[in-house]
Every structure is written in structure tokens, then in C-alpha cells.
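**Student:** TrEMBL lists B:Ser150, B:Asp226, B:His259 with the feature active site, charge relay system.
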Number of protein chains: 2
Amino acid sequence: MSLENISCQKSFGGWHKRYRHRSASLNCDMVFAVYLPPQAEQGEKLPVLYWLSGLTCTDENFMQKAGAHRLAAELGLIIVAPDTSPRGPGVPDDPDAAYDFGLGAGFYLNATQEPWAQHYRMHDYVVDELPALIEANFPASDKRGISGHSMGGHGALVCALKNPGRYQSLSAFAPIGNPADCPWGEKAFSNYLGEDRSRWREWDACALIATAQEKLPILVDQGDRDDFMADQLKPDALEAAARAAQHPLTLRIQPGYDHSYYFIASFIDDHLHHHAQALKG
Amino acid sequence: MSLENISCQKSFGGWHKRYRHRSASLNCDMVFAVYLPPQAEQGEKLPVLYWLSGLTCTDENFMQKAGAHRLAAELGLIIVAPDTSPRGPGVPDDPDAAYDFGLGAGFYLNATQEPWAQHYRMHDYVVDELPALIEANFPASDKRGISGHSMGGHGALVCALKNPGRYQSLSAFAPIGNPADCPWGEKAFSNYLGEDRSRWREWDACALIATAQEKLPILVDQGDRDDFMADQLKPDALEAAARAAQHPLTLRIQPGYDHSYYFIASFIDDHLHHHAQALKG
């Protein structure tokens with residue numbers, strides 16, 4: 001598996017690097033970004049936080065806007081940011097090129113319906129292929145945390161809840177908490193997975209949390225001026241599911257904050273500490 | 001002078017807001033951004049740091065990518081980020097729409113040549129019109145700092161050096177230090193100011209520093225892997241001019257850093273402390 005380095009920028013004493021590679025899971029070329037803190041040059045293997053971005057994003061949004069490098073450099077955390085969908089020639093997009101489906105909107109699942117199933121397998125990419133690549137090519141240990149925003153918050157919850165033992169820490173910003181029951185999720189799931197709603201449950205955090213064997217504590221921040229909160233994100237549904245299953249969830253409703261990266265930047269340090277504590281613990 | 005608020009986002013307990021207004025200096029509508037730290041709601045007047053961005057930027061780049069809100073919120077600093085040129089219908093652009101002249105490239109000077117002189121008066125806008133607007137409409141004191149990046153670093157140096165007493169603190173990231181003698185500056189100055197190079201001296205930091213009455217200490221950071229350093233930025237020329245004039249300049253060459261916002265984010269805290277120390281006394 002060869003990695004082509006496409007950029008390299010010093011940041012807080014460490015390095016922000018972007019790579020292109022052929023993805024076997026996704027059957028296309030992919031770009032991801034990695035932040036290597038200064039400790040990565042000292043020979044030690046470091047824990048990795050995987051960050052999953054939201055609709056329309058690429059590997060770049062979080063790295064440029066979250067302000068996470070400062071504390072990651074202090075804590076000795078590697079951060080990996082994949083793209084949000086397969087890309088490139090031959091990868092089908094929403095026929096209307098809508099922002100909420102297709103390119104930039106892979107929903108971190110494995111599609112079963114054509115024409116999506118050939119490329120849209122972001123779950124396998126994020127959970128298996130990418131960590132294998134990271135752990136083989138960088139000074140990364142097998143301690144893994146996962147977090148994300150909006151569609152990526154959904155992705156983080158589902159990746160961790162479906163794969164007990166794979167991650168040691170979990171958090172999310174304004175996640176789509178109950179995608180089987182919101183417009184974004186219904187559009188994506190009906191296309192990627194088909195109309196049989198019983199098949200949607202294995203990609204819905206509320207359904208997964210009900211039967212999760214592993215009780216990995218979850219930190220969630222949600223702004224109360226987030227325009228998507230009531231209709232798309234449904235933190236109440238996630239909270240109710242966690243309460244019913246006695247799953248440890250810290251849901252913080254942050255007054256005045258919206259859905260933007262200003263919100264993420266304001267609380268990213270708390271999330272990095274949450275992950276570092278579990279990963280370095 | 002009426003301000004139209006076009007967005008409002010909570011960030012680190014304060015607010016990032018964008019405004020549109022009619023600019024008398026520039027003879028067009030302009031947008032600027034302001035970061036109001038939490039202390040702005042406590043009735044106290046706060047010092048203001050003016051940030052001038054580089055080529056191709058708008059008011060958004062610094063606010064989104066510099067990671068400055070965190071410490072500004074702690075220090076109680078207002079940050080104001082104007083656009084980098086006049087904009088809109090009727091504002092002439094480079095005939096080739098090049099990135100380094102015209103729209104997005106006002107060079108923070110007052111043009112004397114047509115067709116530029118009607119709109120390209122960013123110096124008057126930044127030094128007089130914008131602070132008057134800020135001090136009338138926000139809880140802003142008359143303590144002013146100024147900083148910027150690349151073309152905006154040139155702007156910050158020139159604004160402060162030309163207007164003794166107007167600013168109490170000054171810094172720059174990778175400034176165009178000697179624009180009268182580099183390709184970016186020569187293109188801009190010959191168009192905006194005409195071919196008579198003697199007229200260029202009043203917009204060149206190296207020339208201005210030689211005769212500056214006020215010895216405002218300057219902090220400059222410059223990455224040594226910045227592709228523009230040798231041909232366009234010329235920190236050596238700035239350093240030599242400061243030394244000859246016994247002007248206090250702290251020039252820090254940062255090993256490994258490039259010209260990007262990752263570089264700015266890595267050192268913005270030092271600049272905010274530099275300004276806060278002078279502005280808050």
C-alpha cells in the first residue's frame with residue numbers, strides 16, 4: 001500500500017501532512033490528513049484520534065479550522081482526518097448533486113445498493129483500512145479514539161458502537177444522533193441501504209446503543225442555537241437511548257453556539273483531554 | 001454611518017460578527033469581521049487589535065484559521081479584520097484578474113493613479129474610517145494594536161509607521177518588508193502610485209522606519225521554509241533598516257514553517273500577548 005505525500009506543513013512544532021493513496025475498500029484514490037505532534041519524532045508510538053467531518057467537508061476543514069493542533073502537540077496525540085466520501089472519476093454522485101448525499105456525504109456506512117455499493121464503503125475504510133495504514137506508516141500505537149461533527153459525529157458513534165474493543169475513546173460534536181428518523185438520514189439510508197428500514201438499525205446510534213455490549217463513555221457537545229438540532233440532530237433521542245441502556249453519555253448543551261467550526265474550536269480542547277485521558281491513561 | 005449585521009456566531013464565550021457598511025473612503029460597500037470577547041458584555045471598553053490579511057484573503061481567513069479567539073477571549077481583546085481591498089460593482093480589478101493586484105490585493109495604500117484612485121484607499125479606511133466606526137459602535141477603547149500577514153504585514157507596518165501615536169502596539173507575520181524592491185510591490189506600486197519611485201517610499205516599511213519619530217517596538221515572525229521569503233518578503237532588508245535606525249525590532253526566524261495559516265496559528269498567541277501587554281499596560 002503506497003502513500004503519496006502531497007503536502008507537509010509545520011504546525012505547533014509538529015507536522016500537518018496530506019497523503020493520497022489507493023483505497024481497496026473504496027475502490028478509488030483517497031486523500032487523508034494527519035497531524036503528527038512533535039513527540040512523533042522521538043521514536044515513541046503515540047495514540048491516534050480519528051476525526052470524521054460533516055457534510056460537504058474534506059480532510060481539510062478540521063485541520064484548518066478546529067484549532068486542535070495546539071493541544072494535540074502538548075498531549076502527544078496524532079490526529080487523522082479522512083475525507084467524507086469516496087471521490088474521483090467513476091464514483092457516482094447524487095443525480096441532483098445535492099450537498100447531503102453522494103460526494104462529500106458518504107455517511108460512514110457500507111452501502112448495499114447499486115450504484116453506491118461499489119465505492120461507498122466508508123465504514124470499512126475508517127474502521128479497518130485507514131488505521132492499518134496509519135499504524136504501518138506512522139509512529140502510531142493501536143490506541144484509537146474517534147470523534148466527529150454532524151454526519152461525522154454519527155459516523156464516530158456508529159464506528160465505535162459497532163466495533164467493541166476497536167476504540168478506547170469516543171466523542172462527538174452535534175452528531176446526527178438518530179439518522180434512521182431524520183431527513184438527512186432517511187435520504188442517505190434509503191439510497192445507500194434500500195427501503196427496508198430494519199436494515200437501517202445497524203447504522204443508527206440510537207438503535208446500536210440499545211444493544212451495545214461495551215459501555216464506552218461518550219462525550220457530546222451540542223449548541224442550542226444550532227439550526228439543525230431539532231429536525232436533523234436529535235440529541236434528545238440519543239440521550240433517551242443512552243439513559244434506557246444505561247450507557248454513559250455526557251451530553252452538554254452549549255448555550256448560544258451554532259453548528260459551525262467556531263463551536264467546535266470553542267470546545268475541542270475538552271474533547272482532546274477526554275480522548276487523551278482514555279488513550280494515554 | 002449604518003452597520004448591517006450579516007452574521008453572528010458564538011466563539012469561546014464571545015461573539016464573531018460580520019458587518020456590511022458603506023465606506024466613504026473606498027466609495028463602495030465593505031464587509032468586516034469583529035471578534036468580541038466575553039468581557040465586551042460587561043460594559044468596559046476594551047482595546048482593539050486590527051488584523052490585516054494577505055493577498056486573496058477576505059475578513060474570513062484570519063477568523064476561521066488563526067485560532068486567535070481562544071486567547072483573545074482570555075485577554076479581553078477585540079479583534080477587527082477588514083477585507084483586503086475595495087469590492088463590488090464598479091471597483092476595477094487587474095485586467096488579467098491576477099491574484100496579486102486589484103481585488104483582494106489593495107496593499108493598504110491610497111492609490112493616486114486612475115482607475116484605482118476612486119476606490120483603492122485602504123490606508124484611510126484602515127487607519128481612520130474603520131476605527132471610528134468600531135469605537136462608535138462597539139465597546140472599544142482608543143487603544144489600538146495592528147498586525148497582519150504578508151501583504152497585511154506590510155500594511156500593519158506602514159499604517160503604524162506613518163501614523164505616530166495612532167497605535168500602541170505593532171507586529172507582523174511574514175510581512176512584505178520592502179515592497180518598493182520586490183515583484184509584488186513593484187507591480188502594485190507602479191499601478192496604484194505611478195512609475196515615479198520616489199513616491200513609493202512613503203508606503204515602504206524600510207524607507208519609513210529610517211525616519212520614524214516614534215520607536216514602537218515591532219515583533220515579526222518569519223518561517224524559514226516560506227517560499228516567498230527571499231524574493232518577496234525580504235526580512236533581511238527590514239532587519240537592516242531597523243538596525244540602521246535603531247528601531248526596536250524582534251525578528252524571529254521560525255525553522256520549518258511556511259507561509260500558511262498553520263504558521264500563523266502556531267505563533268498567534270505570542271503576538272496576542274505582545275499586543276495585550278502594550279494595550280492593557
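Just so it is clear, glycine is given a Cβ too, placed from its N, Cα and C backbone atoms.
Keep in mind that this is a model prediction, so the values were computed, not measured.
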**Student:** Tell me the Cα distance separating B:Ser150 (active site, charge relay system) from B:His259 (active site, charge relay system), rounded to the nearest angstrom.
**Tutor:** 8
**Student:** Is it possible to get the count of other C-beta atoms within 10 angstroms of the C-beta of B:Asp226 (active site, charge relay system)?
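**Tutor:** The answer is 21.
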**Student:** Within 10 Å of the Cβ of B:Ser150 (active site, charge relay system), how many other Cβ atoms are there?
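**Tutor:** Neighbour count, Cβ to Cβ under the 10 Å cut-off: 25.
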**Student:** Provide the three-state secondary structure of B:Asp226 (active site, charge relay system) computed with DSSP.
**Tutor:** coil
**Student:** Under DSSP, is B:Ser150 (active site, charge relay system) helix, strand or coil?
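**Tutor:** Looking at the DSSP assignment, B:Ser150 (active site, charge relay system) belongs to neither helix nor strand, so coil.
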**Student:** Tell me, by DSSP, whether B:His259 (active site, charge relay system) is helix, strand or coil?
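**Tutor:** Going by the DSSP assignment, B:His259 (active site, charge relay system) belongs to neither helix nor strand, so it counts as coil.
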